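All remarks here apply to the structure that follows.
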Amino acid sequence: MGIDASPFFVLYARRRYGAAMTSQHQNTPSRDQIRRAPKVLLHDHLDGGLRPGTIVELARDTGYAHLPETDPDKLGVWFREAADSGSLERYLETFSHTVGVMQTREALVRVAAECAEDLAEDGVVYAEVRYAPEQHLEGGLGLEEVVEAVNEGFRQGERRAGENGHRIRVGALLTAMRHAARALEIAELANRYRDLGVVGFDIAGAEAGYPPTRHLDAFEYLKRENNHFTIHAGEAFGLPSIWQALQWCGADRLGHGVRIIDDIQVLDDGSVKLGRLASYVRDKRIPLELCPSSNLQTGAADSYTDHPIGLLRRLHFRATVNTDNRLMSGTSMSREFDHLVEAFGYTLEDLQWFSVNAMKSAFIPFDERLAMINDVIKPGYAELKSEWLFKQTASTSGSAESED
Ligand SMILES: O=c1[nH]cnc2c1ncn2[C@@H]1O[C@H](CO)[C@@H](O)[C@H]1O
Ligand SMILES: [Zn+2]
């Protein structure tokens, strides 16, 4: 099975990128370099990324009385531990508390603004952040008011980040919950707010028992409108879910899609055989929104070194790295990269490859994606890759000074 192939890949990666280094920039990037590297995030849930302190304050302000902890540090730990159950269904239960405090316009604006700020602070230059408008109506808001509040928050956050020297652009993805029956309505909402801050559509929630084909009407509508959508598929459930998402629903990208590994066979001699579906995904350059830490918590992978991303990157799938839920996983884009660098010996070249892959797969227009790649991402990595040159100069001039 493909997952067993990862140790082989580690060896391959170390040999290829570790021992056989040809220049300094192929060294392991430092944590600080990873944080400063321009990163692109396609799969991040707004209701999975709140600051614990904000949850506590919003609960107090909005009268939400069900928090398991009221100390922010303890609450952060509670989310990580509660989400660490090995089951997607139990992982998803933790969202009742974040969604619980996101029922007013003020709360939504604040959470969205802080999300943009936190991502920018972490070096993310472009993000598509998703949430399910239908889950934020309990306080009396309408669907459009929810979308407008979140958009307002993203714009505020982008402005504040810019004032602090961090440029970021955030687009919203509207999610419909797969167990519910509002997908068409949410798809129409996504279409109405197209070019007004919403860049696409998604479905999420428990996968087993809720195939994406339940929502075919929504996907067909979006296709007729030439709009974009991704589908959570191949996370808790395997190949049939990925197959349906692509061949019945017509998804542009796969949310997770990690189980495509079940259609990849690694033979004893190290050669690899792709099944028909895996070949299709690779040949058509279907973007995989991979979320390593989240997969460890829901049981989709056992460790970073065993995570299929190693093999998928080696086989040149259109792999991207994502956070999924920063609060539940206690993570960030930089931390995801830190883990992958440690597990697979990735260099700045690899991190750039993931970032360019993600930017190519974004739902904004082609010319904007290209400009992001050429004017922001590549120059950012080029600067990091050239740092060793200037370190050398500094140490030379340092020793000259000491001789004076
Ligand atoms: O990894 C995931 N798989 C499936 N559904 C998820 C995942 N993370 C979050 N959500 C669901 O998406 C909703 C909207 O953001 C969240 O409320 C949560 O129920
Ligand atoms: Zn997700």
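Every residue gets a Cβ built from N, Cα and C, even glycine.
TrEMBL does not curate its annotations; it predicts them automatically.
Straight from TrEMBL, the features:
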- GLU235: active site, proton donor (ACT_SITE)
- HIS43, HIS45, HIS232, ASP324: Zn(2+) binding site (BINDING)
- HIS45, ASP47, GLY205: substrate binding site (BINDING)
- 38-378: domain 'Adenosine deaminase' (DOMAIN)
- HIS256: site 'Important for catalytic activity' (SITE)
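In this structure, the CA atom of ASP47 (substrate binding site) is 19 Å away from the CA atom of GLU235 (active site, proton donor). Of all the recorded positions given, namely GLY205, GLU235, HIS256, those whose Cα is no farther than the 10 Å limit from the Cα of ASP324 (Zn(2+) binding site) are HIS256. Confidence over the domain 'Adenosine deaminase' (38-378), given as mean pLDDT on the 0 to 100 scale, stands at 97. Ligand 2 lies within reach of ASP324 from the recorded positions ASP47, GLU235, HIS256, ASP324, judged by a C-beta closer than 6 angstroms to any of its atoms.
In this structure the alpha carbons, written CA, of HIS256 (site 'Important for catalytic activity') and GLY205 (substrate binding site) are 13 Å apart.
In the three-state DSSP classification, GLY205 (substrate binding site) falls within coil. According to its DSSP assignment, the residue listed as 'active site, proton donor' is coil. Those same-chain residues not listed among HIS43, HIS45, HIS232, ASP324 yet with C-beta within 8 angstroms of the centroid of the Zn(2+) site C-beta atoms are ASP44, GLY48, ARG130, ASP202, ALA204, GLY255, HIS256, GLU289, CYS291, SER294, ASN322, ASN325.
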